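As recorded in TrEMBL, the features of this protein are as follows:
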COMPBIAS  1-15  compositional bias 'Basic and acidic residues'
DOMAIN    66-216  domain 'Casparian strip membrane protein'
REGION    1-23  region 'Disordered'
TRANSMEM  69-90  transmembrane segment
TRANSMEM  110-130  transmembrane segment
TRANSMEM  151-173  transmembrane segment
TRANSMEM  204-228  transmembrane segment
Amino acid sequence: MVSERRTGEAERAEAKVGAAEMESGGTMSGPLVGMMITSSRPLDHHDLYQNQTNNNNSKRKCGSDVGHVVLRLLCMLTSLAALSFMVTASQSNSVSIYGYQFPIYSKWSFSHSFEFLVGISAAVAAHSLLQLLINASRLLRNSPVIPSRNHAWLIFAGDQVFAYAMISAGSAASGVTNLNRTGIRHTALPNFCKYLHSFCDHVAISIAFTFFSCILLATSAVQDVIWLSKN
């Protein structure tokens with residue numbers, strides 16, 4: 001009887017001491033602490049690897065989105081450069097044929113090939129500007145630049161069409177420019193670029209930017225294919 005009473009008093013004393021330690025902010029000991037420790041599962045290696053993988057994937061997606069925006073910006077700038085150099089290509093001079101002086105005047109609008117290049121360059125610049133605004137707004141909202149597969153297929157088709165159109169325009173303009181530089185065989189027609197060097201230089205720079213825009217459009221199409229293969 002006496003031992004049971006002492007045991008009860010000892011348990012009540014330990015309970016008071018534990019309550020006092022909890023109120024004073026001290027550490028707890030005993031079965032309660034053991035239950036709390038076993039109930040909280042620490043992060044294992046699998047959880048840490050999963051978190052690191054998710055972080056790496058988010059960084060890669062962000063880098064890919066930034067790459068899309070940079071490509072659109074470069075493509076818009078190069079197509080605008082091609083357009084600007086072509087529409088400013090004009091010059092007048094005089095040429096000697098069989099000892100006679102003839103005034104000559106050349107302008108980009110005199111050639112259908114140059115007009116075709118101007119039209120395609122303007123269309124590519126508008127397309128790139130529209131995609132740049134859309135992609136930049138989504139990037140600022142932390143949204144994916146390519147939201148769905150249908151959107152990716154649409155952009156891929158547009159990039160392909162404009163890339164082939166730029167190749168066609170650059171090739172046609174190159175043929176006319178080469179004819180201006182070499183002249184026509186077995187005739188008295190001279191090398192017109194010798195007298196219209198400023199005009200020919202503007203055309204050559206415009207054609208160079210045209211092919212550079214084509215390369216950028218092809219690169220954008222490759223990015224679209226990579227996104228489609230992963231999603």
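From the backbone N, Cα and C atoms, a Cβ is placed for every residue, glycine too.
Outside the transmembrane segment (204-228) by six or more residues, the chain places 64, 67-68, 71-72, 74-75, 78-79, 81-86, 89, 117, 120-121, 124, 146, 149, 152-153, 155-156, 159-160, 162-163, 166-167, 169-170, 173-174, 177 with a CB less than 8 A from a CB of the stretch.
Listed as Cβ neighbours of the transmembrane segment (69-90) (distance under 8 Å, sequence separation of 6 or more from its ends, same chain) are residues 105-108, 114, 117-118, 121-122, 124-125, 128-129, 131-132, 135-136, 139, 145, 166, 173, 199, 202-203, 205-207, 209-210, 212-213, 216-217, 219-220, 223.
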